[in-house]
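J.: Please find one structure pasted underneath; my questions will follow.
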Amino acid sequence: MTTNTVSRKVAWLRVVTLAVAAFIFNTTEFVPVGLLSDIAHSFHMQTAQVGIMLTIYAWVVALMSLPFMLMTSQVERRKLLICLFVVFIASHVLSFLSWSFTVLVISRIGVAFAHAIFWSITASLAIRMAPAGKRAQALSLIATGTALAMVLGLPLGRIVGQYFGWRMTFFAIGIGALITLLCLIKLLPLLPSEHSGSLKSLPLLFRRPALMSIYLLTVVVVTAHYTAYSYIEPFVQNIAGFSANFATALLLLLGGAGIIGSVIFGKLGNQYASALVSTAIALLLVCLALLLPAANSEIHLGVLSIFWGIAMMIIGLGMQVKVLALAPDATDVAMALFSGIFNIGIGAGALVGNQVSLHWSMSMIGYVGAVPAFAALIWSIIIFRRWPVTLEEQTQ
């Protein structure tokens with residue numbers, strides 16, 4: 001009995017450490033959203049010009065997720081995690097030392113390389129290390145780490161950037177990663193690669209129309225979200241005319257609302273996943289369409305950000321659950337593709353927001369983002385009606 005209890009405690013400790021790692025990786029991806037103005041001021045650039053860094057990061061992840069996953073498919077997972085954390089930490093040290101915007105971008109590319117591998121293996125590792133019968137809870141913990149990156153990571157990173165400079169934000173993330181690495185070295189056993197899939201898995205996955213439809217839905221809805229979200233900090237200050245402190249509070253509110261979305265999905269996701277995702281996309285559409293009208297009031301923007309955060313968490317969880325259900329025989333390949341496709345959406349959205357801000361007006365980012373959100377809503381209704389069973393159950 002004691003051995004089993006200890007074993008379960010150790011198993012949960014391993015999953016929690018992975019969740020902390022997920023928090024750190026997502027924090028570093030999201031945190032530039034709250035630092036764009038400070039970085040732009042530091043390098044004497046326009047905010048919209050600095051925003052291209054978001055697109056470069058996301059598209060490097062998108063481009064390298066599958067190749068890196070395939071290159072490392074036979075590598076023992078503990079060793080792989082240690083190596084990618086070393087790259088991650090070294091890249092953050094370079095971010096801290098960046099003497100030009102070009103060097104900062106190079107350092108972010110290094111982080112993106114580590115990110116590309118991490119997210120292709122994390123979900124399957126969490127499932128493997130979870131106590132018996134607790135796989136869903138293990139995935140929920142990883143999702144919580146992801147949500148907390150927006151709830152705590154991004155706002156804290158912005159606060160550190162405001163008071164100590166944006167370089168210290170990246171340095172602090174590097175320190176957090178170092179501590180997490182030491183915990184992983186201490187806790188993780190040898191983890192031989194399992195069910196990672198290979199190039200042979202790709203034709204099999206591509207022949208699953210339900211899975212391909214989910215991938216398409218993912219890229220469109222993420223593009224919609226990041227068209228506006230990437231520039232929400234300068235939007236709040238320059239368009240709405242509110243303070244930097246309110247921008248921080250708004251990011252905290254939006255991220256915190258993600259926890260509510262996670263709870264809602266945890267309660268209803270098993271039975272009503274498709275309906276939840278479509279409803280969340282509709283909610284995202286409304287939030288984007290009302291972004292500019294809501295900019296005349298702090299209360300209006302605050303309420304809107306709550307619904308926005310709830311919607312995006314449900315969408316993110318719903319997409320991940322469906323991908324895992326539709327590719328149980330090649331989870332690493334499927335999740336590498338998902339990570340790549342998700343980041344194509346991030347990069348595309350950030351680029352669209354960049355172009356709208358530079359050549360039109362930053363005030364229009366919500367309206368422009370609403371266009372792909374509407375397309376995503378229509379597509380979700382179509383595919384969930386066409387594959388109502390396939391999307392809820394595992395295929396073999």
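Placed from the backbone N, Cα and C atoms, the Cβ positions cover glycine too.
So Swiss-Prot lists these for the protein:
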| type | residues | note |
| --- | --- | --- |
| TOPO_DOM | 1-14 | topological domain 'Cytoplasmic' |
| TRANSMEM | 15-35 | transmembrane segment |
| TOPO_DOM | 36-49 | topological domain 'Periplasmic' |
| TRANSMEM | 50-70 | transmembrane segment |
| TOPO_DOM | 71-80 | topological domain 'Cytoplasmic' |
| TRANSMEM | 81-101 | transmembrane segment |
| TRANSMEM | 103-123 | transmembrane segment |
| TOPO_DOM | 124-135 | topological domain 'Cytoplasmic' |
| TRANSMEM | 136-156 | transmembrane segment |
| TOPO_DOM | 157-169 | topological domain 'Periplasmic' |
| TRANSMEM | 170-190 | transmembrane segment |
| TOPO_DOM | 191-208 | topological domain 'Cytoplasmic' |
| TRANSMEM | 209-229 | transmembrane segment |
| TOPO_DOM | 230-245 | topological domain 'Periplasmic' |
| TRANSMEM | 246-266 | transmembrane segment |
| TOPO_DOM | 267-274 | topological domain 'Cytoplasmic' |
| TRANSMEM | 275-295 | transmembrane segment |
| TRANSMEM | 299-319 | transmembrane segment |
| TOPO_DOM | 320-332 | topological domain 'Cytoplasmic' |
| TRANSMEM | 333-353 | transmembrane segment |
| TOPO_DOM | 354-363 | topological domain 'Periplasmic' |
| TRANSMEM | 364-384 | transmembrane segment |
| TOPO_DOM | 385-396 | topological domain 'Cytoplasmic' |
J.: Any contact between the transmembrane segment (299-319) and the transmembrane segment (170-190), i.e. 3 or more CB pairs below 8 Å with pairs at least 6 residues apart?
T.: no
J.: At a C-beta cut-off of under 8 Å, are there same-chain residues at least 6 beyond the topological domain 'Periplasmic' (230-245) that contact it? List them, or none.
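T.: Beyond its ends, the topological domain 'Periplasmic' (230-245) has Cβ neighbours at 33-37, 47-48, 51, 54, 158, 162, 251, 254, 291-292, 295-296, 298, 301, 346, 349-350, 353-354, 357, 362-363, 365.
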J.: State the non-local partners of the transmembrane segment (50-70) in its own chain: residues 6+ outside its ends, Cβ under 8 Å from one of its Cβ atoms.
T.: 29, 32-33, 36, 39-40, 43, 101, 104-105, 108-109, 111-113, 115-117, 119-121, 196, 198-199, 226, 230-231, 332-333, 336-337, 339-348, 350-351, 353-354, 357
J.: Between 15-35, 136-156, 209-229, 246-266, 364-384, who has the most Cβ pairs under 8 Å to the transmembrane segment (103-123)?
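T.: Of the candidates 15-35, 136-156, 209-229, 246-266, 364-384, 15-35 scores highest.
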J.: Between 170-190, 209-229, 246-266, 275-295, who has the most Cβ pairs under 8 Å to the transmembrane segment (81-101)?
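T.: Top-ranked stretch among 170-190, 209-229, 246-266, 275-295: 170-190.
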J.: Who are the long-range neighbours of the transmembrane segment (170-190) in its own chain, taking Cβ under 8 Å and residues 6 or more past its ends?
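T.: Same-chain contacts beyond the ends: 10, 13-14, 17, 20-21, 24, 27-28, 31, 76-78, 81-82, 85-86, 88-89, 92-93, 95-96, 107, 129, 157, 160.
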J.: Under 8 Å for C-beta pairs, could you tell me which stretch among 136-156, 209-229, 246-266 has the largest tally with the transmembrane segment (275-295)?
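T.: Checked against 136-156, 209-229, 246-266; highest Cβ contact count belongs to 209-229.
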